[in-house]
Amino acid sequence: MKEKQFWNQILELAQERLTRSMYDFYATPAELIKVEENVATIFLPRPEMEMVWKKQLKDIIVAAGFEVYDTEIKTQFVLTKPEEESSTYVMDSENSNHYVASQANLAIPYSETGLKEKYTFDNFIQGDGNIWAKSAALAVSEDLALTYNPLFIYGGPGLGKTHLLNAIGNEILKNIPEARVKYIPAESFINDFLEHLRLGEMEKFKKTYRSLDLLLIDDIQSLSGKKVATQEEFFNTFNALHSNQKQIVLTSDRSPKHLEGLEERLVTRFSWGLTQNITPPDFETRIAILQSKTEHLDYNFQSDTLEYLAGQFDSNVRELEGAINDITLIARVKKIKDISIDIAAEAIRARKQDVSQMLVIPIDKIQTEVGNFYGVSVKEMKGTRRVQNIVLARQVAMYLARELTDNSLPKIGKEFGGKDHTTVIHAHAKIKSLIDEDDNLRLEIEAIKKKIK
Ligand code: ADP
Ligand code: MG
């Protein structure tokens, strides 16, 4: 039958034109009612679909028309099917099951998605450390639930995890305004759950979360150590969405295998899709980030100033942003438009003074805490034995002495049994690079830092 051939042709072309999730949203639910007198009547269950059909699929209909009918076919869109005036929203075609679930729910107002508009792919600077995470995030926003599900992004603080998560949500909503998207930190998810539980409104809770097309959960590590019942609810939500082919994206400050205090079966599920790591930006990327964050400002940041800043903060983009804010504050007060290295240095000095309590930490305090942690005595740390755990403790302590105090390198060397300052430099560099690769070590050092402060 020609009509069928015509419609198949349209769908085929639409499939090439649209991403998979766009196709599911816009093409699958549409139906060809008839072709009469060179006019095709196409049923669209939702009025918003018309835009996409008119804008992106119009020439496809024309092409299919010429191919099948050998003439120009015009189109008329209808929102009700002739035989069932009263129930516009009922659909019967087999392949649209997937769609029906979400269609029964209305779009979520942007203010309730939890998303922040300012975080987009456009203003996310790509660099060596985040290119894979960014590519995966982009892939997800092009092909909801088909490429990587779940997508799990992890990395240290201030490296853009929350930014990327929001960018996915914003990108999807740009392409598919009626997609049901929710961004929520894991901690808030738990609170939301407990609150609904308390009010006896679990059905409502389930309905909210299980009707989503895209669930973005930030900082999943905060589920660690939570009650089994809480983790259970997360587990159920995860399963319900995943088995309905709905997209889930998670972030964490550590990789799935280092999520202690989390049920094994949850951790296993996190690894079903794709896991991507974000590592700190290299110098060039930091410069690019600084450029993008300062170019729209009223202040003129000289390029050596940007280089100076990029050299000061190397492991956290949030700190770079903080430095820019401090600088513009000072510049405003002083009514300066051109930001020189001197101004930047002044602002940063003030910033570092905020954390000046750190500077009075005595080195022996660091040695004691590191020693306690690794089961190594301070004496061994000051000695020269090269047993593995002693070497590690010694290097970590030197690293922390350098990071947390303003002692000179020779002074630090001296406190470690009179070692050369190059030994301190080496230890610092070694631990610093190990931290990038070794989640465990990073977490160990964070734990030790907490003890010291
Ligand atoms: P995380 O969630 O990993 O702790 P965020 O996403 O909150 O980090 O990022 C901290 C700040 O740094 C945010 O303001 C974010 O916009 C910015 N940021 C991080 N990485 C980038 C990047 N690659 N390009 C632009 N801005 C970035
Ligand atoms: Mg975050």
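For all residues, glycine too, the Cβ spot is worked out from N, Cα and C.
As given in TrEMBL:
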BINDING   G158, G160, K161, T162  ATP binding site
DOMAIN    147-279  domain 'AAA+ ATPase'
DOMAIN    362-431  domain 'Chromosomal replication initiator DnaA C-terminal'
REGION    1-85  region 'Domain I, interacts with DnaA modulators'
REGION    332-453  region 'Domain IV, binds dsDNA'
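Within 10 Å of its Cβ, the residue among the binding-site residues G158, G160 with the fewest other Cβ atoms is G158. Ligand 2 lies under 6 Å from the Cβ of K161, T162, out of the binding-site residues G158, G160, K161, T162. A count of other CB atoms within 10 A of each Cβ picks out K161 as the most crowded of the binding-site residues K161, T162. Using the Cβ center of G158, G160, K161, T162 for ATP, the list of other same-chain residues with Cβ within 8 Å runs, in sequence order, G155, P157, L159, H163, L164, T251, I278, V317, R318. Annotation note: G158 (ATP binding site) sits in a coil segment as assigned by DSSP.
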